[in-house]
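Residues or ranges marked as transmembrane segment by TrEMBL: C:21-44, C:56-80, C:92-115, C:152-171, C:192-212, C:224-247, C:268-289, C:304-324, C:336-355, C:375-400.
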Amino acid sequence: MSLAIPNGLDNTVERPGERAPLVLGDTTYHDITEAVCQVAERPPGRGWIFGFLVAFALLNWLGICIAYLIYTGVGVWGNQAPVFWGWPIVNFVFWVGIGHAGTLISAILFLFRQEWRTSINRAAEAMTIFAVACAGTFPGIHVGRAWLAFWLAPYPSLNLWMWPQFRSPLLWDVFAVSTYGTVSLLFWYMGMVPDLATFRDRSKNKWRRMAYGILALGWTGSSRHWMRYEKAYALLAALAAPLVLSVHTIVSFDFAVSQVPGWHTTIFPPYFVAGAIFSGFAMVLTLMVPARTMLGLEKLITIRHLENMCKIILATGSIVGLAYGTEFFIAWYGQVPEEQFAFLNRALGPYWWAYLTMVSCNVLSPQLFWFRKFRTTPWLIVLVCIFVNIGMWFERFVIVVTSLSRDYLPSAWSYFHPTWVDWSMLIGSFGLFFTLFLLFCKLMPVINMAETKSTLAKQLHMKHNDEH
Amino acid sequence: MSDDKNEKKVHGIVAEYTSVDTLLDACRRVRDAGYTKTDAYTPFAVHGIDKALGIKPTVLPWIVLGGGLAGLATALAMQIWMNGINYPYIISGKPYISLPAFMPVAFELTVLFASFGAFFGMWALNGLPRFSNPIFTDPRFDRVTDDRFFLYIDAKDKSFNQAGAEKLLRDTETEYINTVVDDDTSTVIPKFLITTLITVIALSFIPLLVVARMRVTTSSQPRFHIFPDMDFSPARDAQQTTSLFADNRAMRPDVPGTVARGELEEDLDYLTGIDMESLTRLDADRAKQLVRTYAQAENGEPENSDATPKTDAPAEEKSVMDTTPWLKNNPVEITKDVVLKGQEQFNIYCATCHGRDGRGNGLVNQRAQQIMASSWIPPSSMHQESLYAEQYPDGKLFNTISNGIRKMPGYAGQIKSKDRWSIVAYVRALQQSQNASLDDVPKDQQAELKAKKADVEKALAEQAEAERKKEEERAAKAAEKE
Amino acid sequence: MSNHAPAIKPADDPAFTLPATLSALSIPLCAGGLLALVGGWALGSFGVDVQFGMSAYLTAFIYCLTIALGAMFFVLIQHISRAGWSIVVRRVAELMMVMVVPMAVLFLPIVVTLWTGEGTIYKWDDPGYAEHHHIPAEVWANKTIYLESKFFAARAVIYFAIWIALAVYFFRGSVTQDETGEKKITERMQKWSAPALIILALSMSFAMFDWVMTLAPMWFSTMFGVYMFSGGILAAHCAVAAGTYLLQKNGAMRDEVTVEHYHDLGKYIFGFVFFWIYIGFSQYLLIWYGNIPEETIWYWHRQLGVWGALSLVLVFLHWILPFIGTMSRHVRRQPTLMFGWSVYILILHFIDVYWCVMPEVYEGSGGTLAAVGGGIGIVASILCAVGMAALMIGLILRIAGQTRVAASRDPRFGESLAFENI
């Protein structure tokens, strides 16, 4: 039932030597244009409006909470000695992690010539940017005097006569996240220009035409332009790939360069990156599975696409599991009492429930993807992915809170209690994310039409060859 | 690019195709016919078309490389200059210029600048944005972004002739050939758009101007408080009162038994000025009490302030003061530095009453004499036999400084014990200075001192003379008046 | 897009058999290699001391092993990602991967040292170590649960059992397909590649902890296994490129392997050069920044004298130079240049392994010339490595002579032939 694929074709089975189609049915170029453009061109449906209103309400609630926070001070959060990095930083790391899937799909899968990326990369890139926006909010307000957050930038200040501290990982983070946001935005926009030109050329309304016309920069589809465009795309992909790795690596440095037990471990960089990809893909699937049905894109975002992403989730989930294990092993092997305590405390201390949630959601639940049934049934995919998202939030919670609440000074130990503002901001950040995502669905091309057509062209070409 | 010499100038010829293969075929034919100023327009990137059209590779990679190098250089120069040269400070024991710590930012900026190179370089090389393009005049060209492929031969090509080109294209698998002419739609931007744009730009300057003006002018208005609770902190200042504590003092006294940094190691002799061994023999109870007082913290039972040693009892308890076995000698090794420190401390704490010369005529005393304060007890002069070391041992002097005497308060809370011992040393020096002969001064300074003495005597004589004259004048004036 | 794929030659075509010029080298290489290995070991053991000789042997062993395991990763990754482009060069990697079988035999001398001399290679085997280094008895008691000769040997048996099983399974599958051309085999290998990869990752990481990290018994780094892996996979790609080039030079697969495959291998080499420095730098930065003496000591040893110079060699010649060298598309599309860079990186990989192992022989030596065993020591170390590498190449050629040098009946072989970079 869930495997009901248009045209009755199951493209998840690929016989070696033949490539299963990525665009299903007797689709033509024009069909692709139609399928993608109708999403933006038809008036918003009831589901969209309802979703948007809910998301927008949550976004406003986030805004109110931020205003309250700024006016009153960071005491409204549950951050208390010794847990000074509470939920805001947990949320930051969580959202930055989610922001990894988009550029990874766009850049790394592009470099590895994984053509199945073409119909999901656009939405994933958009999610990256929105997730980075959510992520950027938290350190911005976490600095306390949020209106002075610009002090983080190295600008010649007449008031301070001093410069930021470049030997601090927190400043590296400023550069990493802002570079990542900027490059992702460029990458996303550049990839969108040919499709915006399609929107421009199809718009009946003068204003719409003008707006998309400006965004499309006068794109004509000239071969010379395409050639440079492709080169630029490949170069940006090659630049973005190490950039993706660097961002979460630097986020992991925030923790790992310190001497806090449970934070100072050298596996953090690759383990954070794997975790980020893991959570990012889970979020992409959580959104894309319902979206493909609601927006009518089943022919372009096929079960095969979903299955491949499930496999990546399985792989990265297993890497994360191995990293958890290695940490425990080295803590025992290293025989440093503080480290040993930190890890035992994680699993068996007062936050055992968080650790248990983390392990069961992150390590155990993706193991279901070893079974084909779970990889190809959309609602089961969403179910597992939601668990993964929860698990990854808890992973950051475990890392931040368990280590800080039990530091080197036992007299300072305490238990972290979130406040209603903490809760509101976490939920509100989803409001920001979904508001932007729903607007994107309605205003921008959700699927990379040009690249999908190029995939289709290859498919047609192969078919053509086979017939001869 | 649009030529406005001729209303309907021909720019070139365009032909439409429905598939990649027919387009590629046509491209090859056109290329083989010798046309070089040609272009194909496609809805997606068609591979192999650069070969079919003879398009040269792009210089973009070099731009990206240049961007990357510029980013790397910028990042390294910025970090080294800012943290290593212009504003150097040590943090977590890392050197000013710590290359490992500079790598992350260097990497990020390399990628950022290289990406700018790729993104902006690509648009610049493509000559975009360009909103007015003659090819857009073709009525069917809108489908180029949908599912149609177009081949275009430019009129500027050397071998271009309209009929020949059309014939060449007609031979390919095409159903539509059209001449591309000038775009004759108005290129004027609608007026209201310009107005809006200018207004928005103009308005956006206002905040900037306001800020700029604020920076160069002063204002008599109190500053504007956006977040009053952060500007007006509820924290108390040192001398204010508070209802939080029973004694209403905002400034909290030391917790009993607090030991100042560096004083933990000192023994009781040093802290009290009393020879504890002798005291134990003479008066065991008092010795015990003293020990208890100074060791409160360890007993865990802070005692009340009235349990302070009897030594801080006022003058009437002379007997105790006299029977106490005071330390005869200063436990601090006397060096020049110690005496100088003593002088500094004496001038800060003691000189206000006792005077810088120790004669008991400090500013406070002068003022008290002036206003004839009834309860004022004049401070002692240091220069009396009863205060010399023989009669008034160092330990006793130390105790007096610490705990006070008569109207004089104790200074134990303000002056560290080591500095109190320095003051003792200085007072001894001061006493000696008033009874010294010239022989006590090192030989090489005697002459200088003599000269100084002569100068002073001379000045004093002059002053006395002037004084006398003034007196005479006044007397004379008074006499005149009468 | 329009150029059609070249026809696939039949499996018994001479293009797919090992050229005679190479197969003739098999026995000389094996014999010479063995001789050099024994000679290098003897020179180290008697010219310097037994401790040094065995460590030089270990260096050579780890060098060859990381390449073999890297090749196994390469093969598994190709299966798991259903890659088409790499089929023409996959057999070269498969042949290297099988070398874990002889490596298991070559590991025996290392195990033997745990029983013959105390602390010959691994200092924790020396009962006086804890006392000598003022390590609290309690800590040492816990350490020696893991660092214990029998347990160590048992783990080694497990690792080799895993690797041999994987190597034989995937090699046999591929070779069988040469005869039958069954698509089922590909499907089966694809299916098993995922769990295989996880087991391999885990076992390799722990093997590197056991065999290299415990050389400094009190030092630890969670990332160490990943670091050794990053060097190994880079070297494996280089070895595949170099091996393929030599095969082509001698007449095999002239039409099958094109400049496109070198280009793609070049991209991976470029990428893994970056990956290696990423892992290496992250490990260094975290330890340097944390500034905990127990951890920094490992790098401190490697910042003095000869070791300090080698550290700089690694930074400049293992990272910056090949990074710049393989950056350009034009270089990657020149098989000869790619061959040159591959051999170069293979040499630098040896220095990397040498730099990990040898400073622990005489800990705290300050990197004097005596610490590398003087001139004799350097010659002995190089002889060991060259000898073991030659022995491995000889064995590879022997096996290759009995099978074929390309998996020509893989269902995706045609796709690989037609492969073109974007």
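Keep in mind that glycine also has a Cβ here, set from the backbone N, Cα and C atoms.
In TrEMBL, annotation is done automatically, which means it is predicted and not curated.
In summary, the transmembrane segment (C:268-289) does not lie against the transmembrane segment (C:92-115): fewer than three C-beta pairs, each 6 or more positions apart in sequence, are under 8 Å. When Cβ distances are compared across the two stretches, the transmembrane segment (C:224-247) makes contact with the transmembrane segment (C:56-80), since 3 or more pairs at least 6 residues apart fall below 8 angstroms. Note on the transmembrane segment (C:375-400): residues 18, 22-23, 25-41, 43-44, 47-48, 52-53, 56-57, 59-61, 63-64, 68, 95-96, 98-99, 102, 106, 243, 350, 354, 358 of its chain, located 6 or more positions outside it, place their CB under 8 angstroms from a CB of the stretch. Among the stretches C:56-80, C:92-115, C:192-212, C:304-324, C:336-355, the one making the largest number of Cβ pairs under 8 Å with the transmembrane segment (C:21-44) is C:56-80. Residues 269-270, 273-274, 276-277, 280, 341, 344-345, 348-349, 351-352, 354-355, 359, 366-369, 371-372 of the same chain lie 6+ residues outside the transmembrane segment (C:304-324) yet bring a C-beta within less than 8 angstroms of a C-beta in it.
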